[in-house]
Structure formats: structure tokens, C-alpha cells
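Novice: Shown below is the structure under consideration.
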Amino acid sequence: MRLGLKIASLAIVFLILGCLGGGETETGQKTAKLIIFHAGSLSVPFSQLESEFAKYAEKELGIKVTFQDEASGSVKAVRKVTDLGKKADIVAVADYTLIPQLMVPNYTDFYVLFATNEIVIAFTEKSKYADEMLKNPDKWYEILAREDVSFGFSDPNQDPCGYRSVMVMKLADLYYGKPIFETLVEKTTNIYANGTHIYAPKEIIVKDKRVVIRPKETDLVGLVESGSLDYFFIYKSVAEQHNLKYITLPNEINLKDFSKADFYKKVSITLGSTGKTIYAKPIVYGITVLKDAPNRELALEFLKFLLSEKGKEIFRENHQDFLTPPVAFGNVPEEIKGLVEIKE
């Protein structure tokens, strides 16, 4: 039995090595590089995941793996492949629907839903009215509207956290029965709404110096930490990872609660960057290995590692909930079929 397992393991290793297109070190060890484009909110868990996978690959597969790791807004991550023609092995996004919308069938034929999150409002003790925000979180929209308070969110055209943030503010209109979107978004930017449908022009213009927009949500972390920005809309996992103070929002607007999906989808947004319309829905992350991945077999090994108990543990340690089980769509590779629930 053990001999059979060893032979099977060796066969897998040789198969991977034969498909790598990598090189060798001076000592003859196989080397390979994985190119990963991922959402900024995945930076911390992916850094740890890559470190642990490198150890695993060297020990179990005999491969010294290096990473070309590029964090950006998820829309930008996808467009690096679809619009700029850049090569990548793996694309991981904060909104799984970007993969079937923009990448299937030309660039990939499967994807996996693997993690969740929620939108919160983060700040520090330096932020104006921080104590009041903590004591009266239901007044968040009143505090953000004050003339001496600055707040930010990421660019809806580049980053799901951005379009989710503005949809959260439109959902807040419905939940609180007050013109929160008009006050916080329409009066301060050129993003506008017709009823519950939002339009984000290709070039976002900020009309109020109190509002800051950056390409991805993690670009705003340093501004808040330094005290140059009071508040920003961010994923809970990122707020936790950076030890920021934050308030949670009602389940009706935080995009966390799957039982509220029918309420969420009342709001939608059309992005000027892609022309696509996106409906508000519970936050679910997605990942895929591309058809023409330079190191496809090794990329699938990385995906297996992410979906393993070790991968789930890394996400839990970084305050991000893992889907149980992860859900896969499309032409799901044999290598991961035992780790996911396959849906049509």
C-alpha cells in the first residue's frame, strides 16, 4: 500500500515537472514561477498562503517555487488578462461573478467560490468623532455627512469593494428611508443613481475634498492609519488584519447575509469601465486557473493547497470566512473535484 502511494506520488511529481516550463538551480533542483493576479483584500492571506505553499512544493514536489504576485482591484486584475493580454496562472477576485462575466469561455472554463466577507466602516482613534461612532453606530451616515469629516472608498470601476460601497449607501436609502446616497455620493462625486440603479462613469470625478477615492480598498488603509482620512468603507477582514476600529452595518446593507439576497438585489450598478451591470448580492470571492497558464499543473497544485485544511486555516486566522464547502462551476479539473461541491 505504501509502495503504491509512493509510486503514485512520484508519478504526480513527474507529471508536474514535465508541464512546468521552469528551470533548475545550480544544484539541479527544479524551479518554477507562479503568476498570481489577486484582489487587494486577499494580500495578507495570499502572502501567507504563498509562503506555506513554497515550503510544501519544495518538500513534497521537489520544486522551488517563486511568485509574481500582483494585487489590485479585482476588475483591474481581470482586465490585465482580458484587455492587456498579460499572462497569469491564477486570478483571484473579491466578486466571483467577474470570472463568468468577463473571463469565461475565452480565458478560463471553470471557477471556484471559496470565501466570504462583509462591508464595514473602519477608522482609528484619531478619526473625528471616533468615540461617537463607536457609541452610536446607527448614526454613521450623519457623522460621514459632517463638513469636517473625510471619508473614502475605492474606485467602483476597478474594485468590487468600491462598487459594493456605493451600493451599500444606496441600500441604506431603502433601509433607513433617508437620502443617504444623494448626500454621501451624488453630491460629492459624479456617480449618480436613477431610482435604485447606480451609474459609475468611466472617469470618476470627486467634487468634494472631504471624499477620497483610490484604485483599491487597501490603498486607503495608510491614509486612515496616518490620520489624513477619517473613515473608509472596507471589508471586515482587512479592518481586522490591520487592527483598525470599525463598526458593523445592519445585515440588510452589509452584503454579508445570504438570507437578505432578495433585498440586496434591489440595487444595481453599471460600470463605465466594462459596460456591465452588477446587482448587489452577498460577498463571495472567486478563483480560477487560466487556460493558457504558463504553469497550469503547478497552479492547480496551488489551488488544491488553498482549498485544503491548511489553506482554510490561513483564511480563518486572517478573519475571513471560508465557504463550506467551496463551490465550483464549469469544467472542473479532476485535481480539485474532491475538495469542492460542483454545481451546473
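Keep in mind that glycine also has a Cβ here, set from the backbone N, Cα and C atoms.
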Novice: Among TYR96, TYR141, TYR199, TYR235, which residue shares the molybdate site with GLY40, SER41, SER74, ASP159, PRO160, CYS161, GLU217 according to Swiss-Prot?
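Specialist: Answer per Swiss-Prot: TYR235.
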Novice: What are the other residues, in sequence order, whose C-beta lies within 8 angstroms of the center of the C-beta atoms of GLY40, SER41, SER74, ASP159, PRO160, CYS161, GLU217, TYR235 at the molybdate site?
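Specialist: Once GLY40, SER41, SER74, ASP159, PRO160, CYS161, GLU217, TYR235 are set aside, the remaining close residues are ALA39, GLY73, ALA94, SER154, GLY162, ARG164, LYS216, THR218, VAL238.
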Novice: Using the residues the record lists for molybdate (GLY40, SER41, SER74, ASP159, PRO160, CYS161, GLU217, TYR235), what whole-number Å value is the largest Cα to Cα distance?
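Specialist: Largest Cα to Cα distance for the molybdate-binding set is 14 Å.
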Novice: For GLY40 (molybdate binding site), which residues in the same chain are close in space, meaning a Cβ under 8 Å from its Cβ, but six or more apart along the sequence?
Specialist: ALA71, SER72, GLY73, ASP159, CYS161, LYS216, GLU217, THR218, ASP219
Novice: Near PRO160 (molybdate binding site), how many other Cβ atoms are within 10 Å of its Cβ?
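Specialist: Summing over all protein chains shown, PRO160 (molybdate binding site) has 28 other Cβ atoms within 10 Å.
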Novice: I want to check the contact list for SER74 (molybdate binding site): same chain, sequence separation of six or more, C-beta distance under 8 angstroms. What comes out?
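Specialist: Listed in sequence order, they are ALA39, VAL93, ALA94, ASP95, LEU98, ASP159, PRO160.
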